[in-house]
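*Asks:* Sending over a structure as structure tokens; questions will come in a sec.
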Amino acid sequence: MTRRLAADGAGIAQAADILRNGGLVAFGTETVYGLGADATDAHAVARIFAAKERPSFNPLISHFPDADRAFVHAHADGRARRLAQRFWPGPLTMVLPRTAECAVCDLAGAGLPSIAVRVPAGDVARALLAAAGVPVAAPSANPSGGVSPSRAEHVLDGLEGRIDAVLDSGPCAVGVESTIVDLTGPVPVLLRPGGVTIEALREVCPDIALPHGGSDARPVAPGRLSSHYAPTLPVRLGAVSVAPDEALLAFGPELPGSPLTWNLSPGEKLEEAAARLFAGLRFLDMEGRRRGLRAIAVQPVPAHGLGAAIGDRLSRAACPRT
Ligand code: AMP
Ligand code: MG
């Protein structure tokens, strides 16, 4: 059952409670309705991908009630502070290096060393984010491949029964997604055009670059980002047996014979496997190298539901590296 909560004090408090307890709440921002979950909780974030039936784990934007709280988790240089000053709250997302204190889980960041942060406009959204007290990951609140929702009814059309609640703050004002700027390098790069125009950005960052130098700026496909986390050890998919010098990424009953195993989900639960995937790859890679193992063998994961996204991420991890 999906609860429809009014955008008053009681509704906002209930929605914040659901978020803090690992649940999913759709809420209106000035751009579109986002499907929110506690970004520090990998299980909650796995539920976002499950509800949307997303076939791959793309990085999600973490939302905050103000710049101060965003900059606890994301490292802000002078440019980022100036952009925040000018455009927040509003439809601008900044990709920044993670801070040492960054609590956003690997699944929400798709394993990247950077995170995307935004302070949305809208009193209801900001009140919810302040009450939740945690970074809130929120892609658009629609099934994967569908149209972004700009009203609570649109959210329910696509996700009724799959999410805990929708906080109804009426129709969204902007209706297009946020502009995304990557500030991890020396030159700011526009990753996606959106609610804040390039002309307005140039007033603050005159040197901003379009990805292909033209006006047809297209978002960088996150799965292709070279900084995307990939283990150093070779990854062998579809393992039906494992050698004594291989680490094992297991799913369900473990294959015998490996000196080092991380089980994604002994009970074969795909949501649990998604939540444990990035931590598992990191652990087996680090500990496997330390022990002189030569590869990571991966047991098959079913391809239905969240298994498709898990499989997508694993095949990227198994790609030959340059
Ligand atoms: P949205 O669909 O509005 O939730 O925006 C998510 C998009 O933000 C992703 O598909 C990426 O294009 C972009 N994004 C989020 N995090 C990062 C990151 N760390 N590095 C680069 N792009 C990111
Ligand atoms: Mg979308």
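Just so you know, glycine gets a Cβ as well, placed from its N, Cα and C.
Given the structure is predicted, the values throughout are model-derived calculations rather than measurements.
Straight from TrEMBL, here's the annotation block:
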type: DOMAIN; residues: 9-196; note: domain 'YrdC-like'
type: BINDING; residues: Thr31, Ala138, Ser178; note: L-threonine binding site
type: BINDING; residues: Arg54, Asn58, His63, Arg118, Ser140, Ser148, Arg192, Tyr229; note: ATP binding site
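Tell me what's around each of these sites.
*Replies:* A simple way to gauge crowding: the CB of Ser178 (L-threonine binding site) has 25 other CB atoms within 10 angstroms, across all the protein chains here.
According to DSSP, His63 (ATP binding site) is assigned to a strand segment.
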*Asks:* Enumerate in sequence order the binding-site residues Thr31, Asn58, Ala138 whose Cβ-atom distance to ligand 1 is under 6 angstroms.
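*Replies:* Within range of ligand 1: Asn58.
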*Asks:* Let me check the 10 A CB neighbour count of Asn58 (ATP binding site). How many other CB atoms are there?
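*Replies:* Step by step: centre on the Cβ of Asn58 (ATP binding site), count other Cβ atoms within 10 Å, giving 16.
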*Asks:* What binding-site residues in Thr31, Arg54, Arg118, Ala138, Ser148, Arg192 place CB under 6 Å from ligand 2?
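*Replies:* Passing the 6 Å Cβ check against ligand 2: Ser148.
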*Asks:* Say you check the Cα of Asn58 (ATP binding site) against those of the binding-site residues Thr31, Ala138, Ser178; which is nearest?
*Replies:* Ala138
*Asks:* Could you work out which of the binding-site residues (Thr31, Ser140) has its C-beta surrounded by the smallest number of other C-beta atoms within 10 A?
*Replies:* Ser140
*Asks:* Same chain only, sequence gap of 6 or more: which residues have a CB within under 8 Å of the CB of Ala138 (L-threonine binding site)?
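*Replies:* Correct list: Phe27, Thr29, Gly34, Leu35, Gly36, Ala37, Leu60, Ile61, His63.
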*Asks:* Using DSSP and three states only, what is Ser140 (ATP binding site)?
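*Replies:* Its secondary structure by DSSP: strand.
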